Amino acid sequence: MRKRKISVCQQTWALLCKNFLKKWRMKRESLMEWLNSLLLLLCLYIYPHSHQVNDFSSLLTMDLGRVDTFNESRFSVVYTPVTNTTQQIMNKVASTPFLAGKEVLGLPDEESIKEFTANYPEEIVRVTFTNTYSYHLKFLLGHGMPAKKEHKDHTAHCYETNEDVYCEVSVFWKEGFVALQAAINAAIIEITTNHSVMEELMSVTGKNMKMHSFIGQSGVITDLYLFSCIISFSSFIYYASVNVTRERKRMKALMTMMGLRDSAFWLSWGLLYAGFIFIMALFLALVIRSTQFIILSGFMVVFSLFLLYGLSLVALAFLMSILVKKSFLTGLVVFLLTVFWGCLGFTSLYRHLPASLEWILSLLSPFAFMLGMAQLLHLDYDLNSNAFPHPSDGSNLIVATNFMLAFDTCLYLALAIYFEKILPNEYGHRRPPLFFLKSSFWSQTQKTDHVALEDEMDADPSFHDSFEQAPPEFQGKEAIRIRNVTKEYKGKPDKIEALKDLVFDIYEGQITAILGHSGAGKSTLLNILSGLSVPTKGSVTIYNNKLSEMADLENLSKLTGVCPQSNVQFDFLTVRENLRLFAKIKGILPQEVDKEIQRVLLELEMKNIQDVLAQNLSGGQKRKLTFGIAILGDPQIFLLDEPTAGLDPFSRHQVWNLLKERKTDRVILFSTQFMDEADILADRKVFLSQGKLKCAGSSLFLKKKWGIGYHLSLQLNEICVEENITSLVKQHIPDAKLSAKSEGKLIYTLPLERTNKFPELYKDLDSYPDLGIENYGVSMTTLNEVFLKLEGKSTINESDIAILGEVQAEKADDTERLVEMEQVLSSLNKMRKTIGGVALWRQQICAIARVRLLKLKHERKALLALLLILMAGFCPLLVEYTMVKIYQNSYTWELSPHLYFLAPGQQPHDPLTQLLIINKTGASIDDFIQSVEHQNIALEVDAFGTRNGTDDPSYNGAITVCCNEKNYSFSLACNAKRLNCFPVLMDIVSNGLLGMVKPSVHIRTERSTFLENGQDNPIGFLAYIMFWLVLTSSCPPYIAMSSIDDYKNRARSQLRISGLSPSAYWFGQALVDVSLYFLVFVFIYLMSYISNFEDMLLTIIHIIQIPCAVGYSFSLIFMTYVISFIFRKGRKNSGIWSFCFYVVTVFSVAGFAFSIFESDIPFIFTFLIPPATMIGCLFLSSHLLFSSLFSEERMDVQPFLVFLIPFLHFIIFLFTLRCLEWKFGKKSMRKDPFFRISPRSSDVCQNPEEPEGEDEDVQMERVRTANALNSTNFDEKPVIIASCLRKEYAGKRKGCFSKRKNKIATRNVSFCVRKGEVLGLLGHNGAGKSTSIKVITGDTKPTAGQVLLKGSGGGDALEFLGYCPQENALWPNLTVRQHLEVYAAVKGLRKGDAEVAITRLVDALKLQDQLKSPVKTLSEGIKRKLCFVLSILGNPSVVLLDEPSTGMDPEGQQQMWQAIRATFRNTERGALLTTHYMAEAEAVCDRVAIMVSGRLRCIGSIQHLKSKFGKDYLLEMKVKNLAQVEPLHAEILRLFPQAARQERYSSLMVYKLPVEDVQPLAQAFFKLEKVKQSFDLEEYSLSQSTLEQVFLELSKEQELGDFEEDFDPSVKWKLLPQEEP
């Protein structure tokens, strides 16, 4: 074990390098990340071209003159309601000079005013009286008063023009608003008090106060710019959120288990994105300073603000990655929070918020950032330089904002760390909410050695007869002690107990296997032992370290190597880089990292793939890499969860050898689904069932207690008589049973306790050659049978035991079940009649349409994108409607004094001030002052008139009172920043005069605006349709690219093999896609007509557009199909194609707009650009509509031909699709009735390579294949004939000028599969199995040779194959029943027959409970069952099974094997099966063929291959007295001189005996019986080589030179070393 030292710095650096490599190698993601940011930066850079910053110099007082000098009256006055009082008031108003000659009209209500206004040619001012003293003045928008309510502190309120200075505050004065207000106020006062003040109010003068210099931003552009600043880091933050969430979910818990510190994980991502933020903040500060958006504040101020804001967003992304589990949602949530909180920050720009509220809201970093930006704008406005913050100018607020952003960053990080601790991860690991209050969290004291409790010492269940006691030498070596461990998960409705009170020990120096069915709790137990999961109750100690203590867990991480069930690697790193990363995470010393990596690469034979990216590795290579990561650092404890899953036998044996070499002084615990792996590798097996401990012990113990016995396999010739052999066997062993028989083969079960009878039996078998026995072998009961017996299930033996119909099961109900399965499956042979021709074509179309519709229901992203596109079409309508409602409802702003002036006793606060009144009468004006004070206004009075109110802009307004003979005269001075100042001061003066006479009432004036009514437009709705059509032209990629998914999950290939016609596939898709797309058009037209119902003019053109829309739908959908077919091997990229369609359409619209009166150009555009066809038709139709409306000429019929263009496009794309299918599509199984594509027979090419040095069995098979090929008797022909197959692939060039070298996958392979036969095709990765399967299915065309399937040369045509691929070619969201019904329809079964067949198959394979379950919710075993059922559905004569039982537990494998045997036994069908699992081949195959380096190395029955190529027998003995071990070893070497001791575990001794030492078998058993009696053996077993051993022996011949490195990195083998005695 290598010394480890966990270093946060080393881990951080390793993870940081990993993150940089990810960014470099995932160029698409990195490009999008930076491109989005840079595009936003570019938008900010071009800002000066569309925005004007007002740098306004100081301005002296502006004199506006008397209010009655307004004489440019362009409006008439309408008022309501009409009463005596209002009539008197408005008559007085009408007598004013500026309304001379203008009409003042009274109308009864608002509706009457609207009707009058709509037909009146001049501008109208509406006066609406609420009561005598309150009224609304409503001016037309843009006339008489500004449209905005108020100026903001950062916006410009005055502008320099060529001739003069324009201030918006003067609009009220110059456009007549104040004049009309003064006239109405004077009339009200005169009518209600009989006191005329018309002269006083008409003589009021106005002035703008002196203005200081300012720099003002203005308009919506400023807000858009600020919004762009808010989202300036969004691209980085989105990808940071996605990456961190994804890595936390998939890898962090596993890396933590290896010793990763949390701080290293967060630092690695934080430092990476801090660097990105630093660069982006630098660019942003440069752009903002160069564009003069922020003028006076220094570069460092802007840079620090953006830098801290970006860092806070990174911290926020980390926090959300913990609270939100899905990566996409995390990025979306962070973006929405940024936008929402940032937009909330606009309130700081437009409102003066209380300081306490600003501090609280600044805990939201986007708000704090916007607060900082608002402060910078305000500083610019006030001309305060802010190169460096200084308290004297108020810029210390920027320092406070920066502090809050830094505080937010720390707060978000602290919350992220806290929530990560207390929220359970996917394994349920969590800490209590107040964990930080415990002293153990802050100081980890040295722990004391754990002392086993008394109940722990006595709790081991070894005393039970189902548990073998540990050998004496292991007493005291209990490394892992499991006591009363229970694990519960929350379920619906009850809790699920994964483990139930487990109690057992695991010993140092032993390899222990955890066995059990799927869901037994194996992975859960290993997760608990590795620290990933926490038990609900119970305790676990590992080398006296308690898993419940965090300090102990950290210590154990240095001792443990874990290989979880899922592969652990980063796909964007190479094999070496993955190993280096995890070596550093594990704390291997830096100087030893390279040496350790080199060791692992050599031991696992991965040197040749060390520079291959993990994403390019095969499944087996990824598994080997995960195992390599587990053994890094030579750990003392190995916890391996199915470490050899997906490995070929050669690689499995590599792993076994490595574990055997390391077991001394180490603890090795692994789980597996392969019973043979546990049998060979593990010293001790622990069986779990339903979470409970079932039994534990060595193989010999378990086989003796639950095994069936020995299996005697006899290979027979033609003269054999079964009854004679059975009689002979029973003569020696009466309780022997004939367990299975097949053509040329008998298998008997011999009880274990009858081994003393074996010598005489074998002697007689050798002595009677006339019995017809060619050879025989004996094998011990398998651990698989033990497992199934423990589970209470029946089994078929791995040497062909329990061939259905001949099974002698131990239980009657098992026998009935097996026979029933055979009857059910064989009954399907009668259902051979299927429909064909056009009827089948229509049925297939409906089936594919159903699939498309079901898939569409679950394509949420595509539907969401479609919905967003349609919603975008509502934007113009929505904006227009909103704006109309805003102004139709007329913003009403009361001109109250409290807009600008303080109330008495109110604390001063911005922007309110006191009202300054200057007395220049030379006398007392107390009566007026008292009247103004009565309006609840705080006054500052200059009683002596010494001040000039116009020179002091610190006040919002000032009133200067002068004396003019008998009356007062007034001069109003307003601060130019206060937009409504003049109307407010006019009301104050008016109420002051009214109060002097009648103090109990006040006049209230409100200002409003209204919109001018538009005129009807007979073709207005076309604009909306046009906008919608531009958007909907981008919809097809989201609707019609489903075929790419079908291609990638191989569903399309599976459908083709099942007999689907290419045209049926595309028309089935189109049936749904075109309908959906046409519904989009219907929706568009309906919404256009509804929203413009009053403006709609329905003509013949609009009716003709309906079939045009139908043709356009077909055209664009089939155009998308063509694109999907061409780019089927790449990514779907719906968004990119949608954008392309959109851009093309937009440019086409521009072309139409500029050439609408050129008749040829729009027609050419419409014809050449399919996405723009509908737009072109609409343009041309609108042009014809104009002609029909404004011309008396009859419309020409010729332009209507343009509506046929979409149908022409559809025909062109359909023909293109047909050509693509014919040229590049795979071999069709049936003749396509529409595309007219017939099944193509490949041209037979002579194989250039003559076979050399072939095995005699392979030569015989080649002759048999040639004879079958030339046979004219189709009834006797095999169902599969593969003759002289050769397949070459084009290799890659190693250099620009190097010659391309072809890679040969198969070399002159010939074999045939007879009726009723299952032929197993075995071989390592790269041996040529998959290529052979692809040639048979038609996926690959052979370079030479030919394949004939039953009926392809005559007789009944083979219309479909049965194919169970290695990858589950299933649709994730469809249920099991839906899959079965679709494939039944594709294969041509009538509905009634399909229902019967589905019911029978479901019952036979026990799939009733899963019928309504979506495939994505099924276990791997159920998916494999479904694939098998789909392959045999429709009773195909040829079935190809590629790893059919992969991923199944032993029980599921047995069910699958039974189904395979029942399906093909005594039928007209045949099957070709490929597998890595030798037990599967032994269980179901009549013959097996082993491929080596693309050639057939051998072929024949299993027993024949064992006898021919098997070199060893395995001898196991268990002694009672350990003192007998050495004498026994000497005796074995004397009896069997070439015996090689394999292992010795205390009382268990294992030897490998060469065949020549064992023959004759009778003599070998005779010797062993003597040994048993002489040495008082407890038990012994002698069994023949397994098929796996034969396979490995033959596989030594696969050499390195057969393939180049760049063809398939998995094909790297070396000669296995010979076993030494």
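Placement of Cβ uses the backbone N, Cα and C atoms for every residue, glycine included.
Database features (Swiss-Prot):
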- Gly516, His517, Ser518, Gly519, Ala520, Gly521, Lys522, Ser523: ATP 1 binding site (BINDING)
- Gly1323, His1324, Asn1325, Gly1326, Ala1327, Gly1328, Lys1329, Ser1330: ATP 2 binding site (BINDING)
- 480-715: domain 'ABC transporter 1' (DOMAIN)
- 1285-1518: domain 'ABC transporter 2' (DOMAIN)
- Asn84: N-linked glycosylation site (CARBOHYD)
- Asn194: N-linked glycosylation site (CARBOHYD)
- Asn243: N-linked glycosylation site (CARBOHYD)
- Asn484: N-linked glycosylation site (CARBOHYD)
- Asn555: N-linked glycosylation site (CARBOHYD)
- Asn616: N-linked glycosylation site (CARBOHYD)
- Asn724: N-linked glycosylation site (CARBOHYD)
- Asn797: N-linked glycosylation site (CARBOHYD)
- Asn919: N-linked glycosylation site (CARBOHYD)
- Asn948: N-linked glycosylation site (CARBOHYD)
- Asn967: N-linked glycosylation site (CARBOHYD)
- Asn1435: N-linked glycosylation site (CARBOHYD)
- 30-50: transmembrane segment (TRANSMEM)
- 220-240: transmembrane segment (TRANSMEM)
- 268-288: transmembrane segment (TRANSMEM)
- 299-319: transmembrane segment (TRANSMEM)
- 327-347: transmembrane segment (TRANSMEM)
- 397-417: transmembrane segment (TRANSMEM)
- 1019-1039: transmembrane segment (TRANSMEM)
- 1070-1090: transmembrane segment (TRANSMEM)
- 1106-1126: transmembrane segment (TRANSMEM)
- 1136-1156: transmembrane segment (TRANSMEM)
- 1161-1181: transmembrane segment (TRANSMEM)
- 1197-1217: transmembrane segment (TRANSMEM)
Same-chain residues at least 6 beyond the ends of the transmembrane segment (30-50) with a Cβ under 8 Å from one of its Cβ atoms are 23-24, 221, 225, 228-229, 231-236, 239, 280, 283-284, 287-288, 290-293
Cα-Cα, Ser1330 (ATP 2 binding site) versus Ala520 (ATP 1 binding site), nearest Å, comes out at 33
Can you tell me which of the binding-site residues Gly516, Gly521, Ser523 is spatially closest to Asn724 (N-linked glycosylation site)? Compare CA atoms only. Gly516
Integer Å value for the Cα distance linking Gly1323 (ATP 2 binding site) with Asn616 (N-linked glycosylation site) is 21
Out of Asn948, Asn1325, Lys1329, the recorded positions in the record, which is closest to Ala520 (ATP 1 binding site) when you go by Cα distance? Asn1325
Provide, as an integer number of angstrom, the distance between the C-alpha atoms of Asn616 (N-linked glycosylation site) and Asn1325 (ATP 2 binding site). 15
Determine, using Cα-Cα distances only, which of these recorded positions is closest to Gly521 (ATP 1 binding site): Asn243, Asn484, Asn967, Asn1325, Lys1329. Asn484
Using Cα coordinates, what distance in whole Å links Asn243 (N-linked glycosylation site) and Asn84 (N-linked glycosylation site)? 76
At a 10 Å cut-off from the C-beta of Gly521 (ATP 1 binding site), count the other C-beta atoms across all protein chains. 26
Does DSSP put Asn967 (N-linked glycosylation site) in a helix, in a strand, or in coil? strand
Using only C-alpha positions, which one of Asn84, Gly519, Asn948, Asn967 is spatially nearest Lys1329 (ATP 2 binding site)? These are the recorded positions in the record. Gly519
One should report the C-alpha separation between His1324 (ATP 2 binding site) and Ser518 (ATP 1 binding site), rounded to whole angstrom, as 27
Among the recorded stretches 220-240, 268-288, 299-319, 397-417, which has the greatest number of Cβ pairs closer than 8 Å to the transmembrane segment (327-347)? 220-240
Around the Cβ of His1324 (ATP 2 binding site), other Cβ atoms within 10 Å, all chains included, total 24
Remote residues contacting the transmembrane segment (299-319) - C-beta distance under 8 A, at least 6 residues beyond either end: 229, 232-233, 236-237, 240-241, 244, 266, 269-270, 273-274, 277-278, 280-282, 284-286, 288-289, 330, 334, 337-338, 365-366, 368-369, 372-373, 376, 386-389, 395, 398, 401-402, 405-406, 408-413, 415-416, 419
When a 10 Å sphere is centred on the Cβ of Lys522 (ATP 1 binding site), how many other Cβ atoms does it contain? 27
Would you mind ranking the recorded positions Asn84, Asn484, Ser518, Asn616, Asn724 by how many other Cβ atoms sit within 10 Å of each Cβ and giving me the lowest? Asn84
Please report how many Å separate the Cα atom of Asn84 (N-linked glycosylation site) from that of Gly516 (ATP 1 binding site), as a whole number. 100
Cα distance, Asn484 (N-linked glycosylation site) to Ser518 (ATP 1 binding site), nearest Å? 22
Whole-number answer please: how many Å between the C-alpha atoms of Asn1435 (N-linked glycosylation site) and His517 (ATP 1 binding site)? 31
